[in-house]
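Chemist: Copied straight from TrEMBL:
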{"type": "ACT_SITE", "residues": "460", "note": "active site, nucleophile"}
{"type": "BINDING", "residues": "337, 338, 339, 340, 341, 342, 343, 361, 389, 407", "note": "S-adenosyl-L-methionine binding site"}
{"type": "DOMAIN", "residues": "245-521", "note": "domain 'SAM-dependent MTase RsmB/NOP-type'"}
């Protein structure tokens, strides 16, 4: 307890920690301003409400622009049509130059489907679009908004099987209103060519032939993934399993909800509420507080279950990592890279208000969100947030705790079903940089574990370089630790031959994740 008190004194006296790097993104497209200068200040232009353009297509096009050009995430749209920061309807007005009607529930679902699907199938769609342009320079030099409108049309026709000529008319109208008549004519010609080829079953797709490189390029186009991922998965899994994995990544994601016992809200209570809302679900076979839903997340959000802190969105794979930590009342636990805080909150809910979870993260803003969520879920008495680089903290303060969770920064290759944009933001070069960071963080985290204490290393990756290889290298550097087989904490189907935890997206129908439980010698 003396260590805990002295650690709290350290927190109160320590200043802010400087982040390692600060990355600023610059927009690559020009917004159409809706403001004019003049005294006494900016005056907003009033655009007429345009009811000719389908609102979900306008919002989808703008959101796709923001994701690709501005770095926004694909999942940051709430029930009122707001994106990351700005009201997305206002963003349509500023960028496209017209107002559109607010999104109803059907429109919201369509935006989610179209944006997520268009991102997933981007490489495949771009191959088709490029094949139907007069030459490759036309495709390469295409203005961003026009390209997004074409992607939406191609996705709706090829993957959603929507009525083709309705799709053509709607997207042509969007291009004419948001850009110009000539752009609409171009969309009309390209989409009608696509309809004709699809009806004749003659889409110009690559054939799976040639050497390994040629086959990887063909698979990357057919299943819309970067070539380097295809080659890596083919190497580790074989071609058939790599294809199954890509098919999983391209499917509509399944979400899990965790009932918040800290508020006295059980899974039985959650099931009753879902029945009343007519949301289909399956109870988890692996975790007592979890249910899985395929559709109906907007209904759950609108019902206020998340805002009231009664439940949280958390994948089963992440819940099983917490099972491996096995938090107990009265323990001192350190969550080393805690934000956004899902595992922190779940661990705290298991401690019956006794003990403490130190949530460390380099990002102060995300820690503030975690603190708000902790208060909402009534576990804030157990959680103390620490804005710091773990490596600096471990070096300057010799705290020894019962358990340490290092949910390490990783490639995220296990969550590509939910994070469709991530596949296009990762590069092969990132793997080497992440590997070095993971080693540094593991060394730092290990110094916070008391003799006989537990270190849990986890990732949301399916890549052995980030998982098994990092653990094996760590054990060579730190022979004072040994592996504690995870079969006491998770179902045996999730345990590897070496005693690690591994969730396989295809086999287990959940996010891919890895964890190992390491015990420090007395």
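Glycine is no exception: its Cβ is also placed from the backbone N, Cα and C atoms.
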Chemist: Rounded to a whole angstrom, what is the largest C-alpha distance between any two of the residues 337, 338, 339, 340, 341, 342, 343, 361, 389, 407 that the record assigns to S-adenosyl-L-methionine?
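Modeler: Between the most distant Cα atoms of the S-adenosyl-L-methionine site, 19 Å.
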Chemist: 337, 339, 460: which of these recorded positions has the highest Cβ count within 10 Å of its own Cβ?
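Modeler: Result of the Cβ crowding comparison: 460.
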Chemist: Near residue 343 (S-adenosyl-L-methionine binding site), how many other Cβ atoms are within 10 Å of its Cβ?
Modeler: 24
Chemist: For the C-alpha pair, I'd like the distance in angstrom between residue 343 (S-adenosyl-L-methionine binding site) and residue 460 (active site, nucleophile), rounded off.
Modeler: 12
Chemist: Specify the count of other C-beta atoms within 10 Å of the C-beta of residue 389 (S-adenosyl-L-methionine binding site).
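Modeler: A 10 Å sphere around the Cβ of residue 389 (S-adenosyl-L-methionine binding site) contains 17 other Cβ atoms.
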Chemist: Are there any residues in the same chain, six or more apart in sequence, whose C-beta is under 8 angstroms from the C-beta of residue 341 (S-adenosyl-L-methionine binding site), and if so which?
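Modeler: Long-range Cβ contacts: 359, 366, 369, 370, 373, 374.
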